[in-house]
Amino acid sequence: MRLILLGAPGAGKGTQAQFICEKFAIPQISTGDMLRAAVKAGTEFGVAAKKIMDAGGLVSDDIIIGLVKDRLTQPDCSKGYLFDGFPRTIPQAQAMKDAGVPIDYVLEIDVPFDAIIDRMGGRRVHPASGRTYHIKYNPPKVEGKDDVTGDALIQRDDDKEETVRKRLQVYDDQTRPLVEYYSSWAAQANAADKVKAPAYRKVSGTGSVEDITTSIFAQLK
């Protein structure tokens, strides 16, 4: 099972990725984790990436693809792998295709943006313990106060509506076009392609966690 998981920030990808990885006994591959591991290990790509990051630059897609190919040779990838947060752009998706990285499914968890803003904007956190509440779905017993200590709850900057809207706009501009990219590839696949076009699947990310998981497993057959 080799798949790419797509979905806007706040769509619940992280939760569902855990269930998918457990069911199919595959690792979740994140480019951030790969970069940190490669830099720590001092690999060829890690050294190159560190130079760029130390200078405040963005690591090139070529280096990321090199890291991906190295990572996929590890024994834990023998049954497959799940990409979460990569590719983010069409050039990255094209680079993966050109490099011959095989993918069986592209799975999109679809949640309306208004629902994501409601989900994330309502979060409140107790900083000392990490306890999380939601003003609508999981409110504290006393408004604005932690149930255990009575301390004031905060709204993280990442959860403020303005920040959430900006992140959703970036997703809409950069990552949502991947849906069309993969759909078109599947429809126009040709013999010259190094790898077979992945099947595109879309599930609704609204509803209970269990229902969403059931829908996902029904699509991944």
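Yeah, the Cβs are placed from backbone N, Cα and C, and that goes for glycine too.
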* Asked: Which range, 30-59, 180-209, does Swiss-Prot list as region 'NMP'?
  -> 30-59
* Counting Cβ atoms within 10 Å across all protein chains shown, which of the binding-site residues G10, G12, G14, G57 comes out on top? -> G10
* Structure fact -> Grouping DSSP H, G, I as helix and E, B as strand, the residues of the region 'NMP' (30-59) number 22 helix, 0 strand, 8 coil
* So what sits near R88 (AMP binding site) in its own chain, CB-to-CB under 8 Å and at least six residues off in sequence? -> Q174, T175, L178
* To do: Please name which of the binding-site residues listed here, G10, G14, R123, Y133, is nearest in space to F86 (AMP binding site), Cα against Cα.
  => G14
* Asked: Using the residues the record lists for ATP (G10, A11, G12, K13, G14, T15, R123, T132, Y133, G207), what whole-number Å value is the largest Cα to Cα distance?
  -> 19
